[in-house]
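I have placed the structure first, in the form of structure tokens, so that the comments after it can refer back to it.
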Amino acid sequence: NWSGSLIVASLTGAFGSSFLYGYNLSVVNAPAGYIKKFYNETWERRYGFSVDEGTLTLLWSITVSIFAIGGLVGAIIVTPIVKFFGRKCTLVLNNVFAVAAALLMSLSLLAGSFEMLILGRIIMGVDAGISLSALPMYLSEISPKEIRGSLGQVTAIFICIGVFTGQVLGLPEIFGQESRWPFLFGAIIVPSLIQVVILPFLPESPRYLLLEKHDTSKAEKAFQRFLGKDDVSREIEEVLAESRVQRNTKLVSITELLRTRAVRWQITTVVVTMGCYQLCGLNAIWYYTNNIFSESGINHETIPYVTLSTGAVETLAAVFSGLVIERLGRRPLLIGGFGLMTVFFAVLTVSLTLQNTVHWLPYLSIVCILAIIASFCIGPGGIPFVLTGEFFQQSQRPAAFMIAGTVNWLSNFAVGLLFPFIQAGLQTYCFLVFAGICFAGATYLFFVLPETKNKTFHEISQAFAKRNKVTLEMQEMNHYPEERKSSEEQESNFTSSVDNGETRKGTV
């Protein structure tokens, strides 16, 4: 089932999209001291006096967290973009934002303007907001249901690889020096250019071509390339069956989706998983790893290398998750991941509180942080994106990803902006906040989340139908009461298109 085109599409799409998201989570960590010094020098040159500590902390928090505001903008505008341009073309065009952001951030020191760095972070966030919706949408629509979970985990794996790469390039031996930190941001151009060169030669999403562009011939060719076989009649019919159930493929707006009773629990579950994905504390660790290790009593010279271990652990855990997700399923990995994080956050709190009494406790803190990262990447790190693609029909998917993206980025912004102040206020007890969030998420998912492994989109809708207290027939009638078509009429239309030569008899 893993054809060459499918592998290349997933790797190229992820390298220029989710990789950059992960990279920009960690890239600000290593040069934080140098960038703050740059802020202070710029402020003093302009106003004749040094910036006070509180203002500097606020400026730095804004620099870190403004990335999420850009992500929110990207998540909001992604629906009309993927509708008009398609999934693949959206990923290609999105690189304009990445290149613009890289130039602004890498030239900020030369220009003596910290505003350029902040603006670049916003624009890079727009790129991430678009890609984190368009990429899972693309991957879920080009993959067979038997490997949809594994392919969806490519998003999480490349986020972790991006984080790890940011940590490696931030080492003192590479770009982690005062004169070289702008190169950390200039490196963003490389994955963008690779994606622009390769992705245009790969097919568009066949489901998008068939259901939204009504181009049966191109959809069939896309299926053949992605699946690596000539006979794709079963896949075409599976998509057309969904089309007949839906009655039409008119895209649903966010308002319509929120008012649809038949998907209320799907929306609630996506909101909970995306909220917990960001609020569980991993972004706080990624953004402020050096500061956390410093507070744990780790020697300053060894912190960059200890930080490097976090990136290695999360990458290995994400790869492990991708290998076992189709065997174990989404549900146990997601619930187990949040449950283990709850335990390790509690142990980390105890370790940080008592670290001055026992000499080896700082090392226990390191182990706990690595265990938290591994627990996150095994399940919560990528499965929320997979579930968002699986829970909704074709016409609902763009609106659903916009809702998920909005929750994702608002939560990301809150953690990035507030964590330094939470840490200052609660001291070593700050991680109990994240432990409570992880426990609440695991509890909710235990009682609500069905297993979606190896199920069609129609079967997943059936799994939620009872909880939503509607039949599937009522569910589809509620979607489009004013534009219902009989299945006989649709089948007649499709047969007519076949007779006109748009597709082969074998496909029907």
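Using N, Cα and C of the backbone, Cβ positions are placed for all residues, glycine too.
Nobody curates TrEMBL annotations by hand; they come from automatic prediction.
Residues or ranges marked as domain 'Major facilitator superfamily (MFS) profile' in TrEMBL: 10-453.
Sequence-distant contacts of the transmembrane segment (58-79) (same chain, six or more residues past either end, CB-CB distance under 8 Å): 24, 28, 32, 35-36, 39, 51, 90, 97, 114, 117-118, 121-134, 251, 254, 287, 398-399, 401-402, 404-406, 408-410, 412-413, 415-417, 420-421. For 58-79 (among others), the entry in TrEMBL reads transmembrane segment.
Within the chain, the transmembrane segment (91-112) has long-range Cβ neighbours (under 8 A, six or more residues past its boundaries) at 13, 16-17, 20, 38, 42, 45, 74, 81, 85, 119-121, 123-124, 126-127, 130-131, 134-135, 138, 181-183, 185-189, 191-193, 195-196, 199-200. Marked as transmembrane segment by TrEMBL: 91-112 (among others).
Same-chain residues lying 6+ beyond the ends of the transmembrane segment (118-139) with a Cβ under 8 Å from its Cβ atoms: 9-10, 13-14, 16-18, 20-21, 24, 62-64, 66-78, 81-82, 87-88, 90-91, 94-95, 97-98, 100-105, 108, 151-152, 154-155, 185, 188, 205, 385-386, 388-389, 397-398, 401-402, 404-405, 408-409. According to TrEMBL, the feature transmembrane segment maps to 118-139 (among others).
The feature transmembrane segment is assigned by TrEMBL to 151-169 (among others).
The transmembrane segment feature in TrEMBL is assigned to 181-202 (among others).
The transmembrane segment feature in TrEMBL is assigned to 267-288 (among others). Remote same-chain residues near the transmembrane segment (267-288) are listed as 25-26, 28-29, 64, 163, 257-258, 310, 334, 338, 341, 345, 369, 372-373, 376, 380-381, 383-384, 387-388, 391, 400, 403-404, 407-408, 411-412, 414-416, 419-420, 423, 431, 433-434, 437-438, 440-441, 444-445, 448-449 (criterion: CB distance under 8 Å, separation of at least six residues from the stretch ends).
The transmembrane segment annotation in TrEMBL covers 303-325 (among others).
Residues or ranges marked as transmembrane segment in TrEMBL: 332-354 (among others). Within its own chain, the transmembrane segment (332-354) is flanked in space by residues 273, 276, 280-281, 295-296, 321, 324-325, 361-362, 364-365, 368-369, 371-372, 375-376, 378-381, 383-384, 428-429, 431-432, 434-435, 438-439, 441-442, 445-446, 449, which lie at least six positions past its ends and keep a Cβ under 8 Å from the stretch.
Sequence-distant neighbours of the transmembrane segment (360-387) (same chain, 6+ residues past either end, Cβ-Cβ under 8 Å): 132, 136, 140, 148-149, 152-153, 155-157, 159-160, 269-270, 273-274, 276-277, 280-282, 285, 292-293, 296-298, 306, 309-310, 313-318, 320-322, 325, 330, 332-338, 340-341, 344-345, 347-348, 351-352, 354, 404, 441, 452. Residues annotated as transmembrane segment in TrEMBL: 360-387 (among others).
Long-range contacts of the transmembrane segment (399-420) within its own chain (CB-CB distance under 8 A, at least 6 residues past either end) are made by residues 57, 60-62, 64-69, 71-72, 74-76, 78-79, 125, 129, 132-133, 136-137, 251-254, 256-258, 266-267, 270-271, 274-275, 277-279, 281, 283-284, 287-288, 384-385, 388-389, 391-392, 430. According to TrEMBL, the feature transmembrane segment maps to 399-420 (among others).
Per TrEMBL, transmembrane segment is recorded for 426-449 (among others). Tertiary neighbourhood of the transmembrane segment (426-449): same-chain residues 265, 268-269, 272-273, 275-276, 279-281, 284, 330-331, 334-335, 338-339, 341-342, 345-346, 348-349, 352-353, 380, 419, 467, selected by CB-CB distance under 8 Å and a gap of 6+ residues from either end.
Feature annotation from TrEMBL assigns region 'Disordered' to 480-508.
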